[in-house]
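> Pulled the feature table from TrEMBL, pasting it below:
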- 12-29: transmembrane segment (TRANSMEM)
- 41-65: transmembrane segment (TRANSMEM)
- 92-111: transmembrane segment (TRANSMEM)
- 149-169: transmembrane segment (TRANSMEM)
- 181-208: transmembrane segment (TRANSMEM)
- 220-244: transmembrane segment (TRANSMEM)
- 256-282: transmembrane segment (TRANSMEM)
- 302-327: transmembrane segment (TRANSMEM)
- 348-369: transmembrane segment (TRANSMEM)
- 389-407: transmembrane segment (TRANSMEM)
- 428-445: transmembrane segment (TRANSMEM)
Ligand code: PHE
């Protein structure tokens, strides 16, 4: 596989690539609505704790496997397992990761399609002068139109898969360089606006003053799932990127930098969105539409609102694009590892994801009441079970592999820190991350 010999151009490029994978719908769309449904501040606190205790150490485990293997996930796991004298069956973990991202990308693409629609609408000035109620009703009407959802889903998937077909390390680097600072700047601006609204104080206390009375096992499970989801950890997707990592880079620094950027994007988005929610008397538990309704309302009150709203949706779209590219990579790498050509692998992945995505697109209208499992429809299933269960489970196995199966020297080298750094990392993974993930998964499932 010649693609895996590609390298990111620099250390910075690697950090940007991982940040590009991490920062996406998870921070700006999913965090606010999941926090909204799970009580706010307590959820935030638990999720941040999970990022520190599980997310960062497991992210390091995942990337170091890719880096030591220098192959697609399945092949890397298989080779490293054999090297370590362990079972080749570890390679199925790569397949499990591919299945996880398959489910995730199917709804991710549909929701990213919403941003395309909203980008066009904001450029057209459709939100100008609209009241909060009208904006809310417009969103409902949009969801009830599967043709429109499918059109945007197709467009987004096409954008994603063309970059993937070309090989990720080339196109992505330049895009990320430009994108991340711009997105950050705009979120700062939005959060600045939020301070001027009536809802700002309520939003702050709702986000930062936890009341632990409402914390249930399910809240904890959601917070853990979200920590994995937002960091893009647990699906072997970052493993695929680790394969391109430059030799001399320190992994802990990179992982820490990415996690901090990722959390701060979510916080800025949360402050902006919840200030509007409370200023407009909306319900924080309004579900997946939360961001798509609050932000047009917020911007419509700002000078040059339509312009900023367009810029925002453009940036959101670009952020989701870089995440979706990362979501597609493990699937394509897996098929390629079976000896398929990159172009064919990409086409097969694109078609399968598109088909599964149709079920999500119809989940807001025709299939809204088709609830195959746990009383949830397809969109609700694929947007909750893979992030909340599959990612932590994948992350758990990844951590076990890196901290228990791989030989010491190999891990020390792939981590890019000295012996003492290695021992610290290994102890955290062995005695904190692995047991904690296990307990929360078990508690949440029971
Ligand atoms: N981290 C991405 C986001 O927050 C989603 C993602 C999950 C990407 C898993 C890759 C792997 O939007």
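Backbone N, Cα and C atoms are what each Cβ position is placed from, and that goes for glycine too.
Predicted automatically and left uncurated, TrEMBL annotations should be read as such.
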> With an 8 Å cut-off on Cβ pairs and a sequence gap of 6 or more, do the transmembrane segment (428-445) and the transmembrane segment (92-111) reach 3 or more such pairs?
no
> Top stretch among 12-29, 41-65, 181-208, 220-244, 302-327 for CB pairs under 8 A with the transmembrane segment (389-407)?
220-244
> Okay, the transmembrane segment (149-169) and the transmembrane segment (302-327): do they have at least three CB pairs under 8 Å, pairs separated by 6 or more?
yes
> Would the transmembrane segment (348-369) count as touching the transmembrane segment (256-282), i.e. at least 3 C-beta pairs under 8 angstroms with sequence separation of 6+?
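Result for the transmembrane segment (256-282) with the transmembrane segment (348-369) is no.
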> Report yes or no: does the transmembrane segment (348-369) come within contact of the transmembrane segment (149-169), defined as 3 or more CB pairs under 8 Å with a sequence separation of 6 or more?
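Contact confirmed: at least 3 Cβ pairs fall under 8 Å.
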> Short question: most Cβ pairs under 8 Å with the transmembrane segment (92-111), which of 41-65, 181-208, 220-244?
220-244
